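Taken straight from TrEMBL:
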{"type": "DOMAIN", "residues": "30-152", "note": "domain 'TPM'"}
{"type": "TRANSMEM", "residues": "174-195", "note": "transmembrane segment"}
{"type": "TRANSMEM", "residues": "207-225", "note": "transmembrane segment"}
{"type": "TRANSMEM", "residues": "231-251", "note": "transmembrane segment"}
Amino acid sequence: MKKILLTLLFIFSFLNADITQYFPKLEGRIIDQVNLLSPAIKNDINSILKDHEKRKTNQIVVVILDSLHGYEIEDYSYQLGRYWGIGEKEKNNGVLLVISMAEKKIRIEVGYGLEGALTDKISHEIINYTIMPNFKAKQYELGVLKAVNEIILSIQGEYSPKVDIGDFSNTSKFAFLIPLIFFALMFLSMFANSISKKTKNLFFYKTSRSLMNSSFLGFLSFLISKGFTEYYLIVSVAIFVVVFLISYISIKSFNNLLINEYSNKGVNSKNLEEVLDTVGDIMKGVNSINKGFSGRGGNFGGGGASGGW
């Protein structure tokens, strides 16, 4: 299993290395490739962000791009946040407001540590009820300025919801349950698997074993795909179903195991954490020596929302 995880890490770090050629340099709290904002508005927003960071340590960066170069905005923003390391390493308290003019796409990317305050629902509201109406009216500066203020209000617990919770996408609520279901299935299937070995019930063994394999890979695919595509639910559930079927068909006896190392040895969490930290440091690359404004090692997990105008 360790080999599988290391292979996945290598693949995704390779993909990340490819996308980084399209990342702008982190030269401040506002990156504006198309000069969408006037110097006066840039100064105002920069002062707001700088003051908030000084008081609360949260790092917020506004990124206005000319193009996404063929990438989905969810993928681009997630990778950009990790590459720059926005937010403090211990707190993961970074936020990116990413706007791509060519594709007319918007993304609020939220670091792990702020997902409880700047939720997917609030990010969705800010995009759809603040940014989009102003952008459609070509009031770009007003849209960005209001969005920045609302992001800060949300982080400080002072944001007033624009819509009832019941109006928010049911998919977002369901998304919260999926990893919990996978996680629960993993442990239940491990328990059931140990019982099946004692009872020598092959059907029970094949079912529990297949659930163990599929729920683990479904959980892993959920964590990975959440930062790469908006269809992460479909991807993770599809992988769960496919792996279950393949595993069930492949197991012919008690000695025919699909993922042997996962059952016998488990995952060495300490080694995995060290590998993840190392990959994260490499992905940040040369940005760590930026002498001006720079990220502080913050991490992202795909939280936030997307939209367009």
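Using N, Cα and C of the backbone, Cβ positions are placed for all residues, glycine too.
Long-range contacts of the transmembrane segment (174-195) within the same chain: residues 204-205, 207-209, 211-212, 215-216, 218-219, 222-223, 232-233, 236-237, 240, 263, each at least 6 residues beyond the stretch ends and with a Cβ under 8 Å from a Cβ of the stretch. With DSSP classes pooled into helix, strand and coil, the tally for the domain 'TPM' (30-152) is 63 helix, 25 strand, 35 coil.
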